[in-house]
């Protein structure tokens with residue numbers, strides 16, 4: 001071993017308190033033991049008074065001038081056993097050790113740093129049978145919890161932060177393992193000249209773990225100087241003294257996609273590039289690729305720090321371009337994809353059935369007499385009778401026209417399509433067989449309410465189970481909630497959402513017709529009385545007002561009949577369809593399931609209930625994939641092919657008259673062949 005080649009020195013210190021045993025001279029050692037992997041440092045533990053140990057200088061150099069100095073010198077590495085750190089060094093010993101400090105008094109003098117000299121250690125420490133001696137303080141006086149807590153919370157002793165200069169060729173050594181075994185030069189006063197440690201860490205070196213576990217000191221206030229490697233020294237230094245700060249407000253400069261991301265500038269404080277990465281074993285295989293027998297290797301995705309910051313900017317720009325592209329596409333609104341027999345105008349605000357526009361004639365019959373009244377009757381009545389009559393007539397005309405527009409051009413309560421899609425018909429189903437859909441009677445749980453059960457039906461066109469009181473209109477080709485009837489004068493269905501407007505329209509039209517008759521007759525009679533003329537001369541003077549009297553009387557009859565009829569239906573709690581269908585059954589089997597048992601309550605329920613929202617929202621922007629609507633715009637939809645679903649609401653072109661033989665195909669072909677032969 002290296003310990004046998006070194007010069008002979010004093011092997012053991014003076015034993016004062018019989019703490020350290022006596023060891024034979026080094027020359028007596030003939031056989032050297034193997035290198036010790038764990039350096040025993042329990043002999044470095046000092047006493048509380050600093051005088052319980054040896055006071056004889058070790059090695060006899062300049063240390064003889066300072067008898068109180070115990071282990072403050074660095075000696076050659078041959079006087080200590082080879083560890084995993086010192087065994088790697090091939091440096092020769094110095095002729096004379098250099099003292100770190102000239103004086104050390106008090107309790108500080110009783111501590112021997114782990115970076116200090118090993119020349120005072122017994123020669124038997126290099127043998128295989130060496131057992132480190134324990135002081136009485138370390139063995140019989142264990143550390144209490146308060147001392148342990150104080151030791152953990154205390155700062156590093158000055159011996160750890162003491163700067164030093166490595167002279168000679170030892171000054172270029174950067175290894176954590178070999179730094180402790182090098183020669184330390186003269187002490188300097190500034191911390192700025194401290195050499196940075198190597199790239200090793202506390203958890204990646206085997207010797208570091210041994211030194212941390214074997215060099216614990218039980219004495220309060222003292223710390224083993226080499227229990228922790230030099231890689232943590234920058235962590236123990238004050239932050240302000242070294243001006244260490246982190247800049248978090250830096251922006252990344254824009255780079256081209258082909259430029260690789262820049263790596264941070266390497267400094268002496270940087271970790272190595274392979275930090276915490278698997279090492280290679282003897283066979284050259286990394287730990288991540290080694291064979292694991294009986295285990296399962298889990299796959300993991302790449303970590304986010306590997307993604308350069310520019311990729312996030314590119315992704316955000318890509319999303320913006322996609323959003324702009326979608327906006328440019330302009331998918332349109334819901335009414336453009338509606339599949340019903342409905343026509344829309346003004347961006348989906350007005351809708352009407354795609355049939356003969358009889359509602360235009362109805363509106364004309366309302367607006368035309370109002371215009372004639374304001375031209376030929378209102379000025380004279382304003383000045384000769386009262387201004388209240390024209391104002392009241394204008395208010396009634398406004399209510400009538402407004403309710404007409406709402407009832408004719410609003411959504412009556414169209415139910416959404418494709419809510420309960422029916423499976424497609426199988427090929428083996430017979431087209432002449434019984435229907436697969438029919439009226440279904442939903443039975444209630446209690447037998448006492450059997451009379452109030454109502455049937456519901458599945459609509460094959462709209463592909464949904466219709467709720468009670470809902471029906472499919474064959475003209476609108478829509479299922480309407482609480483449908484009353486399809487009004488040809490409005491060219492729209494009357495359902496739950498526009499029934500109140502319909503009743504207001506017919507009732508206001510009735511009142512407006514009566515008011516028109518009364519105002520025009522009053523104008524003629526007042527003029528006759530003012531001028532004392534006959535009724536014929538007055539009619540000859542106001543011919544247009546007299547014509548409006550007849551027009552008002554004619555237009556009064558039909559709206560008045562509709563008003564009385566719907567007042568009767570509302571009092572019964574029935575719709576027009578329910579009332580007409582009930583006459584198919586005898587009176588003993590007619591039931592009104594939705595009546596409130598009071599005609600006032602029935603009126604209140606119909607006229608004062610809130611208007612439900614629309615199920616479609618035709619003015620809303622279209623979302624691609626909405627199952628209620630089609631996949632193409634109405635004018636871009638392909639032609640409907642003939643199928644087993646029927647021919648409802650499809651335009652069928654008239655068939656041309658066929659000439660020639662209309663028999664079977666075989667006979668037709670044979671007939672054509674014979675005709676060709678005859679012609680030949």
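Heads up, the Cβ atoms here are built off N, Cα and C, so glycines get one too.
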Query raised in the report: Same side of the membrane for residue 313 and residue 473, as recorded in Swiss-Prot?
Result: yes
Report task. Looking at the candidate ranges 502-522, 523-543, 565-585, 586-606, report the one that Swiss-Prot labels transmembrane segment. Result -> 502-522
Requested in this report: Could you tell me which of the ranges 385-405, 406-426, 427-447 is annotated in Swiss-Prot as transmembrane segment?
Outcome: 385-405
Requested in this report: May I have the DSSP-based helix, strand and coil counts for the residues of the domain 'DHHC' (457-507)?
Outcome: 9 helix, 16 strand, 26 coil
Query raised in the report: Do you know the mean pLDDT across the domain 'DHHC' (457-507)?
Result: 92
Report summary line: For the transmembrane segment (502-522), the distant same-chain contacts (Cβ-Cβ under 8 Å, at least six residues beyond its ends) come to 366, 369-370, 373, 377, 381, 385, 389, 392-393, 396-397, 399-400, 403-404, 407, 484, 487, 490, 494, 542, 545-546, 548-549, 551-553, 555-556, 559-560, 562-563, 566, 570, 606-607
